[in-house]
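Database features, via Swiss-Prot:
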- Cys44, Gly45, Ser46, Gln47, Lys67, Ser77, Asp107, Lys108, Gln109, Gly157: NADP(+) binding site (BINDING)
- His131: active site (ACT_SITE)
- 208-344: domain 'KARI C-terminal knotted 1' (DOMAIN)
- Asp216, Glu220: Mg(2+) 1 binding site (BINDING)
- 345-484: domain 'KARI C-terminal knotted 2' (DOMAIN)
Amino acid sequence: MNYFNKLCFRKRINEIKKCRFMKENEFKNENKILKNKKIVIVGCGSQGLNQALNMRDSGLNISFALKKNSILRKNSSWLNATKNNFEVNDYESLIPNADLVINLTPDKQHENVVKELQKLMKKNSCLGYSHGFNIVECGEIIRKDITVVMVAPKCPGTEVREEFKRGFGVPTLIAVHTENDPKKIGLEIAKAWAFSTGGHRAGVLESSFIAEVKSDLMGEQTILCGLLQTASLICYEKLIKDKHNPSYAAKLIQYGWETITESLKHGGITLMMDRLSNPSKIKAFKISKKIKKILSPLFKKHMDDIISGSFSKEMMIDWHNNDKKLLNWREDTKKTPFEKNILSYSEKISEQEYYDHGTLMVSILKSGIELAFETMINTGIINESAYYESLHELPLIANTIARKKLYEMNIVISDTAEYGSYLFSEAAYPILKDFIMSLEKNVLGLSLPNTKIDNIELYKINEEIRNHPIEIVGKKLRKHMKEMKSICVAK
């Protein structure tokens, strides 16, 4: 049974609102509580491998437990682990001696995996998650002697590693399951784990399993993955309709999201909009308002379905139907004109050109970020959590599109994120397409001409941008991100 739905109303509200930005000195003990402990990660996919690499580099003893069949077949998980010189063995050999077992298998495997793990885990050990779906949406009940914690980096596993190698980290939510903290050491374990992945350098929120799941599902379905996918497909089609070189069009979209969203990391929507010329800023602002009006009902529907549990229920039906919907959506995405275009445009597009020729892309980003944030806080999710799930994680997702378009994004995000992204995109595409196709040519692929500016109008627009609640909380949170590194942009 859905854990969230069985709670009384007041507890639901308290859990969904739980969010506290942790101070730097709360990590002064670093990862001492986990030093010389046996840590076993189950599953060596994107999150499993990249968290393990960071944790090993932070001085921890990490090994991988895989199913016997995976080891015999030498599947991708076995190859990932052995290629990176980790100890690998089956569940029966590693789990009984583990102090901390971290379950990083895909969400749809959790029910069966966790049942197996509980039979093998020693008394008073700890079970870790990086997404609370199994606990919150599936209602998994864990043995009472086991401490259950979560460390949820707010990005795909590949970016957990890349940011760590840059000397930084990714914003991270940590939580202790209220039903499973028998020795009251869950928070210390979660802090040490987050420290070991580098999360403390970017900012850590002490949250709850419920707040993480509900905000995570909303962010990934809408602005982070669903809207990026929808916008990529429609923007490419608009460029082709407006007679642009298909290869230039593909490059502008593929690398444009990464280049433009880099400004979000350093100065939020304000800086992103400031990178535009004044005529482009005014145009982007007005388009953004219209997009918000068009997409607002869809964002609210997704949030409502996430809170009620109906989204999870429908997705789990698809799991039991061999992922029929998900696999069909995946194949359909591969066949889109944007994905099929083979990038051959060899000329460099300057960083500023991505902004000058991407007024529409900036409009879409602004509207999606604000809508996701507003919808979450109107549901009771706290501003800090909504910020991480809407704005700060966005550049990290955009980086994946820059590597191999939507294919890369969809293979590195979680299975729940991929399903939710397709679900949103299927509904958003027809709603948004007619509006975007009706816009003038110079909002995408061309620069807007310099025209006379109404100073009062520009002043009011700047004030509205800078005083949006996401900009206020973002400015506060970014003060803690002193070690943030810029990525290589503009190809």
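Just so it is clear, glycine is given a Cβ too, placed from its N, Cα and C backbone atoms.
Look at the domain 'KARI C-terminal knotted 2' (345-484): DSSP puts its residues at 103 helix, 0 strand, 37 coil.
Around Lys67 (NADP(+) binding site), a 10 Å sphere centred on its CB holds 19 further CB atoms from the protein chains shown. Applying DSSP to the domain 'KARI C-terminal knotted 1' (208-344) sorts its residues as follows: 117 helix, 0 strand, 20 coil. Using a 10 angstroms CA-CA radius around Asp216 (Mg(2+) 1 binding site), the recorded positions that qualify from Cys44, Ser46, Lys67, Asp107, Gln109, His131 are His131. Sequence-distant neighbours of His131 (active site) (same chain, six or more apart, CB under 8 Å from its CB) are Asp107, Met150, Ala152, Glu212, Val213, Asp216, Ser414, Thr416, listed in sequence order. Of the residues the record lists as binding NADP(+), namely Cys44, Gly45, Ser46, Gln47, Lys67, Ser77, Asp107, Lys108, Gln109, Gly157, the two whose Cα atoms sit farthest apart are 21 Å from each other.
Sequence-distant contacts of Gln109 (NADP(+) binding site), defined as residues of its own chain at least six apart whose C-beta falls under 8 angstroms from its C-beta, comprise Gly43. Rounded to a whole number, the C-alpha distance linking Ser46 (NADP(+) binding site) with Glu220 (Mg(2+) 1 binding site) is 16 angstrom. Residues near Cys44 (NADP(+) binding site) in space but far in sequence (CB under 8 A, at least 6 apart, same chain), listed by position: Ala52, Phe64, Leu66, Ser76, Ser77, Trp78, Asn80, Ala81, Phe86, Leu104. With a 10 A radius on its CB, Glu220 (Mg(2+) 1 binding site) counts 25 other CB atoms from all the protein chains. Lys67 (NADP(+) binding site) is 29 Å away from Glu220 (Mg(2+) 1 binding site) when you measure Cα to Cα.
The most densely surrounded of the binding-site residues Asp107, Asp216, judged by C-beta neighbours within 10 angstroms, is Asp216.
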